[in-house]
Amino acid sequence: MNKQSWLLNLSLLKTHPAFRAVFLARFISIVSLGLLGVAVPVQIQMMTHSTWLVGLSVTLTGGAMFVGLMVGGVLADRYERKKVILLARGTCGIGFIGLCLNALLPEPSLLAIYLLGLWDGFFASLGVTALLAATPALVGRENLMQAGAITMLTVRLGSVISPMIGGLLLATGGVAWNYGLAAAGTFITLLPLLSLPALPPPPQPREHPLKSLLAGFRFLLASPLVGGIALLGGLLTMASAVRVLYPALADNWQMSAAEIGFLYAAIPLGAAIGALTSGKLAHSARPGLLMLLSTLGSFLAIGLFGLMPMWILGVVCLALFGWLSAVSSLLQYTMLQTQTPEAMLGRINGLWTAQNVTGDAIGAALLGGLGAMMTPVASASASGFGLLIIGVLLLLVLVELRRFRQTPPQVTASDS
């Protein structure tokens, strides 16, 4: 009898060429977007010397992403998904070229940066939604947990590498190099994506796009299982906004500039460990209960984080949060894909991703408000323990999610 390993199995990259193409394209895309993410705030700060105008660019791009996720969900359920992915990526690349040309002007336009940020945020979201909706067809629903864990590792690795490369480019060549390489990387991602098979949506009656989107909302609200998963995801994303308190807590712990970096690295490190040790998650008989408990544990870790007497213990709490939130997120992703009808995958994935965007923004705003009334320690603890109380209530209320059972997939020799 073969025993399933705790470690993540990377065999999907060998056995599924289409997923391998997506993996490669996603990694290049994350690095490209990381170059952009470093360049835009630096350029606006250099042009205006205003942190408010820097924040405005983030807000505008986030708003465009939200709209793009809504529209992308409808398009992914209505049109051939490969075409939507390719169109979105190519259109994003055009926007990056625009940013590069604008940066080369003697006097770059701030308005152009904002407008191109709206452009890129919108079209990037279209591709994300279509790709999520297409994933079950690329790997099979029985491999979704494994695919999600590999994707999480890709995102974490790319998110670590790209800011470092972006910073070096800024120091040596200026923002135009960042934009130019981001555009080049985006167009390069089209090469592996062209090898994907056709990904048609399931046949369904034609209806007005708004009516189609409302149908997705109704399904989300009417399904205790899928709706509960989305709600937990939003709360978990709110908890991750604790990073806005890092500078203030660093002062409280009297941390040096070098030590502050450990706070920012702790959650990604914990999440990477969670993804690497997710080998048995797909074989859990009660994934809903495990999701609820791991979410509660992550809230407790945030509540304890601010109370730690030493910063190193705070880092341990953040790493624990990263690990538990990775477990919860992987279970959310897998259950959402398996419990959503094929005809609804685009819209539900769009709504699920959108709540991640809004949950982070709401969490940051709430923590900012708490920070104005409380000490940083009290703000962090209040947010964590407040979410823990809500989580306990959801553990009692979300009966269908708590009691959900699945038949674990059969373990083969290749899985060991």
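Going from the start of the chain as shown, residues are counted 1 onward.
The backbone N, Cα and C atoms fix where each Cβ goes, glycine too.
Database features (Swiss-Prot):
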{"type": "TOPO_DOM", "residues": "1-21", "note": "topological domain 'Cytoplasmic'"}
{"type": "TRANSMEM", "residues": "22-42", "note": "transmembrane segment"}
{"type": "TOPO_DOM", "residues": "43-55", "note": "topological domain 'Periplasmic'"}
{"type": "TRANSMEM", "residues": "56-76", "note": "transmembrane segment"}
{"type": "TOPO_DOM", "residues": "77-83", "note": "topological domain 'Cytoplasmic'"}
{"type": "TRANSMEM", "residues": "84-104", "note": "transmembrane segment"}
{"type": "TOPO_DOM", "residues": "105-109", "note": "topological domain 'Periplasmic'"}
{"type": "TRANSMEM", "residues": "110-130", "note": "transmembrane segment"}
{"type": "TOPO_DOM", "residues": "131-156", "note": "topological domain 'Cytoplasmic'"}
{"type": "TRANSMEM", "residues": "157-177", "note": "transmembrane segment"}
{"type": "TRANSMEM", "residues": "179-199", "note": "transmembrane segment"}
{"type": "TOPO_DOM", "residues": "200-218", "note": "topological domain 'Cytoplasmic'"}
{"type": "TRANSMEM", "residues": "219-239", "note": "transmembrane segment"}
{"type": "TOPO_DOM", "residues": "240-256", "note": "topological domain 'Periplasmic'"}
{"type": "TRANSMEM", "residues": "257-277", "note": "transmembrane segment"}
{"type": "TOPO_DOM", "residues": "278-287", "note": "topological domain 'Cytoplasmic'"}
{"type": "TRANSMEM", "residues": "288-307", "note": "transmembrane segment"}
{"type": "TOPO_DOM", "residues": "308-313", "note": "topological domain 'Periplasmic'"}
{"type": "TRANSMEM", "residues": "314-336", "note": "transmembrane segment"}
{"type": "TOPO_DOM", "residues": "337-356", "note": "topological domain 'Cytoplasmic'"}
{"type": "TRANSMEM", "residues": "357-377", "note": "transmembrane segment"}
{"type": "TRANSMEM", "residues": "379-399", "note": "transmembrane segment"}
{"type": "TOPO_DOM", "residues": "400-416", "note": "topological domain 'Cytoplasmic'"}
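By the Cβ criterion (under 8 Å, sequence separation of 6 or more), the transmembrane segment (288-307) is not in contact with the transmembrane segment (179-199), since fewer than 3 such pairs are found.
As a quick check, the transmembrane segment (56-76) and the transmembrane segment (357-377) clear the bar of 3 or more Cβ pairs under 8 A, pairs 6 or more apart, so the two touch.
The transmembrane segment (357-377) makes no contact with the transmembrane segment (22-42), as judged by fewer than three Cβ pairs under 8 Å among residues 6 or more apart in sequence. Sorting the topological domain 'Periplasmic' (43-55) by DSSP state (H, G, I as helix; E, B as strand; all else coil) yields 11 helix, 0 strand, 2 coil. Nonlocal intrachain contacts for the topological domain 'Periplasmic' (105-109), taken as residues 6+ away from its ends with a CB within less than 8 angstroms of a stretch CB, comprise 43, 47. Long-range contacts of the transmembrane segment (257-277) within the same chain: residues 6-8, 149-150, 152-153, 156-157, 159-160, 240, 243, 246-247, 249-250, 311-312, 314-316, 318-327, 329-330, each at least 6 residues beyond the stretch ends and with a Cβ under 8 Å from a Cβ of the stretch. According to DSSP, the topological domain 'Cytoplasmic' (337-356) comprises 18 helix, 0 strand, 2 coil.
Tertiary neighbourhood of the topological domain 'Periplasmic' (43-55): same-chain residues 103, 108, 110, 113, 175, selected by CB-CB distance under 8 Å and a gap of 6+ residues from either end. Most Cβ pairs within less than 8 Å of the transmembrane segment (219-239), among stretches 22-42, 157-177, 179-199, 314-336, belong to 314-336. Residues of the same chain lying 6 or more positions beyond the ends of the topological domain 'Periplasmic' (240-256) and with a Cβ under 8 Å from any Cβ of it are 263-264, 267, 302, 305-306, 310-311, 314, 318, 321, 325, 359-360, 362-364, 366-368, 371, 375-377, 379-380, 383-384.
Sequence-distant contacts of the topological domain 'Cytoplasmic' (278-287) (same chain, at least 6 residues past either end, Cβ-Cβ under 8 Å): 4-9, 144-146, 149, 326-327, 330-331, 334-335, 403-409, 411. The recorded stretches the transmembrane segment (179-199) and the transmembrane segment (22-42) share 3+ CB pairs below 8 A when only pairs 6 or more apart in sequence are counted, and are therefore in contact.
For the topological domain 'Cytoplasmic' (200-218), the list of distant contacts is 70-71, 73-74, 76-81, 133, 342-344, 346-348, 350-351: same-chain residues at least six beyond its ends, Cβ to Cβ under 8 Å.
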